Amino acid sequence: AVMHGQVYRFCTLEGTWLLKENSTLPWRNLSECEASDQDAPEEQLLNLSIIYTIGYALSFSALVIATAILLGFRHLHCTRNYIHLNLFTSFILRAISVFIKDSVVKWMYSTATQEHQWEGLISFQESLSCRLVFVMMQYCVAANYYWLLVEGMYLYTLLVLSVFSEQRIFRLYLCIGWGVPMLFVILWGIVKYLYEDEGCWTRNYNMNYWLIIRLPILIAIGVNFLIFIRVICIIISKLQANLMCKTDIKCRLAKSTLTLIPLLGTHEVIFAFITDEHARGMLRFVKLFTELSFASFQGLMVAVLYCFINNEVQMEFRKSWERWRLEHLYVQRDSSMKPLKCAANSISSGGTVGSSVYAATCQATFS
C-alpha cells in the first residue's frame, strides 16, 4: 500500500540545509512517514492512547486514595502494608512519568509542525531536560516491575519461612525495589550518552544498549512468574490437605490465581520475550493493546485488592464509623440534657415540695 506523508528539511538563514549534529548529512524529519509505516492504523493507535490514559488516570486516583487510607490508620502500619505503600508509590510515579512523557512528546511535535520550528525541536530533543524526562520514565517503569517482584518475594517468604526478621528483610526490599533499578538505568544513561547520544533518547538504534534496561526487567518478570507457579502449587497442596471437595478446590484455586495475576504482574510473561522488531501486523497490535491496557489498569486492580476490599481496612473503617457514631450520640445526649437541667434547677428554686421532687428526679435521670 502507498502511504501519504511528507519529509521536512529546515533551510537556515544562510540558504543551506540544516545538518545533523556532527555530520555532513542534512537533517530530515521523517515522523509522518514513520508514523504511517506502522502496522497498526493511526486510528487504532489513537484509541490505545485514550485507553491507557484513562487507565493511568483511574489508577493514579485509586492509588492516591489507597495510600492515604493505609497511612491514615495507625493500626495498619506494618511491614506488609509498608511494602504495599512502596508498590503504590511506584505505580503513582509510573503514571506521572507517562503523563509527563506524553505531554512533552505532544508539545514537541505539535508546536514544531504548526510553526515549522524544526531547529527548535532539534535543540529541545538534544537538551538535558528532554532526556531527563525519558530517563526518569525508564526508572519509574523499572522500579514498578521490581516492587512487583518484591511483593512476590515477600509472599513466598510468608508461605515458606515461619520465622524471619521483618525489619531486616524490609531494608533489603527497599534496596531491591528502588536501588537495583537505579543502578541499571544510570548505566543505560551513561552508555547512551557515550555511544548513542542522539535526539531525546526515545529510540534505540543499537538494541544491545537497550538490553541494559530490558534484561533486568525480563529477569524480574521471569522470577515473579516462577514465584507465581510455586505459590499456586502451595495453595493446591494446602487446599487438598483440608479434605475439601474438588469443586471447592477448583473455585478457590481459580480465585487465588486470578487475584495473584495482577498482584504479581504475571500477565507480562505473555509478550515479555516478543520484541517490537519481531511483532508485525495483528500480533503487534494485540501486543500493544495487552501491554498498555494491563499496565495502565494494573494500579487500579492493585489498589482494590490490597486496600479497598481488604478485610483489615474494612474493619478499621467499621471501627472508625462506630467510634464516630458513639461520639456523635454522646454529643447529642449532652446537648439535650443541659437545657432540661437548667429548667429543673429553675423549678427547684421555687421552694415547693413538688417542684423539688421533680427537680431531683430530672437530675437523677439525666446526670
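Note that the numbers count up from 1, one per residue, in the order the chain is shown.
Cβ from N, Cα, C; glycine included.
The domain 'G-protein coupled receptors family 2 profile 2' feature in TrEMBL is assigned to 48-310.
The transmembrane segment feature in TrEMBL is assigned to 50-71 (among others).
Among the features that TrEMBL reports, transmembrane segment is placed at 83-100 (among others). Residues 52-53, 56-57, 59-60, 63-64, 66-67, 70-71, 133, 136-137, 140-141, 143-144, 146-148, 150-151, 154, 170, 173-174, 177-178, 296, 298-299, 302-303, 306-307 of the same chain lie 6+ residues outside the transmembrane segment (83-100) yet bring a C-beta within less than 8 angstroms of a C-beta in it.
Below 8 angstroms of C-beta separation, residues 80, 83-84, 86-87, 90, 173, 176-178, 180-181, 217, 220-221, 223-224, 227-228, 230-231, 234, 263-265, 268 of the same chain, each at least six residues beyond the ends of the transmembrane segment (145-165), sit close to that stretch. According to TrEMBL, the feature transmembrane segment maps to 145-165 (among others).
Residues annotated as transmembrane segment in TrEMBL: 172-191 (among others).
The feature transmembrane segment is assigned by TrEMBL to 211-236 (among others). Proximity of distant same-chain residues to the transmembrane segment (211-236), defined by a Cβ-Cβ separation under 8 Å and at least 6 residues beyond the stretch ends, is recorded for 138, 141-142, 145-146, 148-149, 152-153, 155-156, 159, 180-181, 184-185, 187-188, 191, 249, 252-253, 256-257, 260-261, 264-266, 268-269, 272-273.
Annotation comment: TrEMBL describes 257-274 (among others) as transmembrane segment. Same-chain residues lying 6 or more positions outside the transmembrane segment (257-274) and placing a CB less than 8 Å from one of its CB atoms are 145, 148, 151-152, 155, 218, 221-222, 224-225, 227-228, 231-232, 283, 287, 290-291, 294, 298, 301-302, 305-306.
Feature annotation from TrEMBL assigns transmembrane segment to 286-309 (among others).
Remote same-chain partners of the transmembrane segment (50-71), defined as residues 6 or more beyond its termini with a Cβ less than 8 Å from a stretch Cβ, comprise 81, 84-85, 88-89, 91-92, 94-96, 98-99, 102, 289, 292-293, 295-300, 302-304, 306-308, 313.
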